[in-house]
Amino acid sequence: MTTTTTKFRDVEIRAPRGTELMAKSWLTEAPLRMLMNNLDPDVAENPKELVVYGGIGRAARNWECFDKIVDTLKNLETDETLLVQSGKPVGVFKTHKDAPRVLIANSNLVPHWANWEHFNELDAKALAMYGQMTAGSWIYIGSQGIVQGTYETFVEAGRQHYNGDLKGRWVLTAGLGGMGGAQPLAATLAGACSLNIECQQASIDFRLRTRYVDEQATDLDDALARIDRYTKEGKAISIALHGNAAEILPELVRRGVRPDMVTDQTSAHDPLNGYLPVGWTWDEYRERAKKEPEAVVKAAKQSMAKHVQAMLDFQKMGVPTFDYGNNIRQMAKEEGVANAFDFPGFVPAYIRPLFCRGIGPFRWAALSGDPEDIYKTDAKVKELIPDDEHLHHWLDMARERISFQGLPARICWVGLGLRAKLGLAFNEMVRSGELSAPIVIGRDHLDSGSVASPNRETEAMQDGSDAVSDWPLLNALLNTAGGATWVSLHHGGGVGMGFSQHSGVVIVCDGTDEAAARIARVLTNDPATGVMRHADAGYEIAINCAKEQGLHLPMITQ
């Protein structure tokens, strides 16, 4: 048992660079470096408390657990597997060389008890940890990890509502944390201005420093004046505004201000830790959360109700309005906003056709720490996918505009067939010495076959299977069987306790033949489960993709 439970430590963690190993092989060095990278001060939101992003999404349960995970990974043999239970290393077992080196289960609760109240009780007793999606699965790469998905969403919204041209238009949103911090840059890359409301000045400062947001307004009038000037000039400039969205959005409605798109990425999924009630300071919010959690949750949800009502008002004006996956509609509905779900989530509105083809947030990181390794892989992607101008444009913009946070990394939305092709090519680049050290390949849990989340990724499935969570379980089992380097199974990411189950996968390209065999299996099977899941739900795009790719789906393709 863990006898102490230290959640704060005044220390700076950074992943090692170069080719010298702390562990016994690259297959255990990789999770070690990526765990540390999750807590890099340039990556994590609150690394001294082990918080990576998303409210209280942690990399380890407490600092004692972190130390023991590090020590265990350093000494793990090539035929052993470490088991991690909600951020705590609980066992090392003999497996085999093609088995995962780490298996992770975070935040999972029996459904009847799967709520924030019970989870917070367990968390207070150091019996559980909220892993979010990539925080507790050690593959967070900073805000870049969601930039392309947000960019693709804005671009598709532009296609649907504005004939594919966002020049001279602007997005209204809130939240500049680990996920929401991607919004201003994504809007700029898509050609739009954006007004980004954030209640913590430190988060604004972080996004300004990393060039995810361009400038900060002094007040609402100044922000609107800047928006007016830049949209008239056709410039895509992102503006941060310090304040509370639950106050500012209703005021914009009152003034009759009309954005061109409205969404939100505050941490509304976690009312106790992630959404500031109207009229409160952040310090007051954190202090009262410890002393009167029920009252704090109530106050936060009441503010969310005001926020969502304003979003509904914008929708009534004819402004394209959508939820970006933080469960704010659910929170508002619980506070009496009966029609909170009148505006759609971003997946059914804009992203699902990509999921039907297994296309999702494929990402990789250079364990060397050398940016040149990423630039070389960028070039390889262009070489292997020569005709995708949209993808090439994304890679060019990413290199120009996205600052690396921690270990250099890249995200690139590709699907079934191409993921394995790229992974095998990266492995050959390591083998030949073109890359200076191995590459890790992973993805967000927000992917086509790895999540059940009725208020987000699986919202409004055409067969009504929104809440069926067999699919992420099958995904995790298959990736384990295929030989991924580490596999994770989480609950509550993105939308909070009781509303999602999801799985993650990471695989190492170390240049060996054995790695190539594992890569071919895992990077084919993983996106194929997404095609399978959507084909099973009856989506023609997915059924056709399954047939084209030769998937063996007994009830569909045989």
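Placement of Cβ uses the backbone N, Cα and C atoms for every residue, glycine included.
Taking a C-beta cut-off of under 8 Å and a sequence gap of six or more, Cys412 (active site) has these contacts in its own chain: Gln148, Phe362, Arg363, Val381, Leu391, Trp394, Leu395. Annotated active site per Swiss-Prot: Cys412, in sequence order, evidence recorded as sequence analysis.
Residues annotated as NAD(+) binding site in Swiss-Prot: 54-55, Gln132, 178-180, Glu198, 244-245, 265-269, 275-276, Tyr324, Gly494. Around Leu276 (NAD(+) binding site), the same-chain residues six or more apart in sequence whose CB sits under 8 Å from its CB are Cys199, Asn244, Trp282, Tyr285, Ala300, Ser303, listed in sequence order.
Long-range C-beta contacts of Glu198 (NAD(+) binding site), restricted to its own chain and to partners at least six residues apart, with a cutoff below 8 Å, comprise Ala174, Gly175, Leu176, Gly180, Ile204, Arg207, Ala240, Leu241, His242, Gly243.
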